[in-house]
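Here the structure is laid out as structure tokens; the discussion comes afterwards.
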Amino acid sequence: MAKGADFFCLFVLFLSSVSAIIDDPQTKQVYVVYMGSLPSQLEYTPMSHHMSILQEVTGESSVEGRLVRSYKRSFNGFAARLTESERERVAEMEGVVSVFPNMNYKLQTTASWDFLGLKEGKNTKRNLAIESDIIIGVIDTGIWPESDSFSDKGFGPPPKKWKGVCSGGKNFTCNNKLIGARDYTSEGARDLQGHGTHTASTAAGNTVENTSFYGIGNGTARGGVPASRIAAYKVCSETVCTSASLLSAFDDAIADGVDLISISLSGGYPQMYQKDAMAIGAFHANVKGILTVNAAGNSGPFPASTESVAPWMLSVAASTTNRGFFTKVVLGNGKTLVGRSVNAFDLKEKKYPLVYGDNFNESLVQGKILVSVFPTSSEVAVGSILRDDYLNYAFISSKPFSLLPPDDFNSLVSYINSTRSPQGSFLKTEAFFNQTAPTVASFSSRGPNTIAVDILKPDVSAPGVEILAAYSPLSSPSDDRSDKRHVKYSVLSGTSMACPHAAGVAAYIKTFHPEWSPSVIQSAIMTTAWPMNASGPGAVSTEFDYGAGHVDPIAALNPGLVYELGKSDLIAFLCGLNYSATTLKLIAGEAVTCSGKNLPRNLNYPSMSAKTNSSFTVTFKRTVTNLGTPNSTYKSKIVLNRGAKLNVKVSPDVLSFKRVNEKQSFTVTVSANNLDWKLPSSANLFWSDGTHNVRSPIVVHTGYYS
């Protein structure tokens, strides 16, 4: 997987064998023991309790070698080395919500913020006094503290609410921009891969002029909220990125006082919430008033591939911008073909022989350009040209390289086959701007949600293709270890890049509305998103790939109406998923009564979704809060998408508000006969007062897609 694209992978992390059968009953592996919220008793000491549990199940008096991590600041639990029989005993103990394997997680800009409408300098409305008080916690591969993107020139001291530390390891220094760092890998918080530096600078990096990748994409790099502060939490090394470390980072970040968490990681496949470290950490952040923004995953374009499925997180798909990187291939006959790559090599227009074939001898391609249908490389070839069947984005290679669309590739093959001595060359990559509407990237993970089938995921899309941002000089910009180049700024693609864009949008909103809760910010982002159109055939080009649409930070400042959610709503949602009252008491830290009438689709979410049969009638219950103007009246309108044959009724169809913060409830009833089981059917509900257009997607589906 190429470093220029998360889909090709920034580095390879193999999932641990979380479901493997352990032949030796005495074999120990690390398990995470989740125990819910911290008890309120003053005399309770989490670590002592964790040690006593281990002593009880192991029969050992000294268990320091068993305990891996203890979660004791923001929620309760620990990670420990256990045998299978010990795991089973712990899972049955009173006060334990779940026990699950310590799995590995995977890592999933000059022009992108302009594209989103946040222009440079005074061209964008900003509230700098509050922006400087916003702290974004970035859970990732660490950070490169010396980058210009994290200089503290012009910054005052950290906000008084900050309770964190700078514990980055040897020769690591924080400042008034990068105000905190923690390491959970034993490597130190310095970023050795570039991923965490890239995501942090995308969300909140300083304004840095004249940045580029060897002159490509030259411009001013900046984050969405350049005046805000950053706290870096390193959970991923070059080889591991575990659940235990992830939960430790959440535990600390919540207690440290961050306002927002950006996390561009995914676990490989969806998990039930009580066994999903991401969902657990984000839940406890949410109830403390902290929104978690998470990458949807890079397992697209396959249906039901998104791993970010909890409604208390903002799940972000990756989409294109109005800029692309293109590399021209010039043939010996003068014809020019245009492909995709980030090629910093200048061949001075010198032509080289072209060799076509998928099975080749290294001696036959030495000093030549290799042409192949399938991904391949050669240490002795000058460069390579490949056919691009579905990627359609550029990434960095260690040698001259271009991905040609199928028609141009076939034209190249025809030229090679019809010419006695075919030759060609590469030109250096150029950046071109266009007015094409954004589309979701092929690698971006898709819905439907397999854990809560009536919650639409992902939530929104954001720029995640060919993003230029700060990078670690210790890491090669490509995936080739022979690539000895070192850069301060590099180009990456992935939902990892989309996530910090959405986090930057959320932080931008919070600078104008610091009192808004996580659900209000999430609602504002979703209901003001740009509508997106299908980028191709099938279920992968519907709301299952872009959710409510593409983020629009300016519109999100003034959403009009919002869908609010509190802790009690989330607990009721979990009741509807058949979590027991005993389990929910541990999670919530208080007594819980499930009424038995909590349908998950009635969670007060900004989108509406239901898994149904082909003929059905379903009803959604929602409540909106007026954040617009007093004495306002909103009228509803239904717009069907893609020829959907749905009957949709809104009751009442007019909502009148006398004051700000007033709430009004309504129902949406959707019915159909002989629904197409191969595709979801959808509509948009608009609430409009003449100024605001509050849009919610409505999606009904059978769940059977391929």
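Each residue, glycine too, has its Cβ placed from N, Cα and C.
A TrEMBL annotation is a machine prediction, not a hand-curated record.
What TrEMBL lists as signal peptide is 1-20.
Positions annotated as domain 'Inhibitor I9' by TrEMBL: 30-108.
Annotation comment: TrEMBL describes 132-547 as domain 'Peptidase S8/S53'.
As annotated by TrEMBL, active site, charge relay system applies to Asp140 (among others). Asp140 (active site, charge relay system) is surrounded by 29 other CB atoms, counting those within 10 A of its CB over all protein chains shown.
Counting every protein chain shown, the number of other Cβ atoms lying within 10 Å of the Cβ of His195 (active site, charge relay system) is 28. Feature annotation from TrEMBL assigns active site, charge relay system to His195 (among others).
What TrEMBL records for Ser496 (among others) is active site, charge relay system.
TrEMBL lists 602-700 with the feature domain 'Subtilisin-like protease fibronectin type-III'.
Here the domain 'Inhibitor I9' (30-108) is broken down by DSSP into helix, strand and coil counts: 21 helix, 23 strand, 35 coil. Using a 10 Å Cβ-Cβ cutoff, Ser496 (active site, charge relay system) registers 32 neighbours. Residue counts of the domain 'Subtilisin-like protease fibronectin type-III' (602-700) by helix, strand and coil are 1 helix, 59 strand, 39 coil (DSSP-based).
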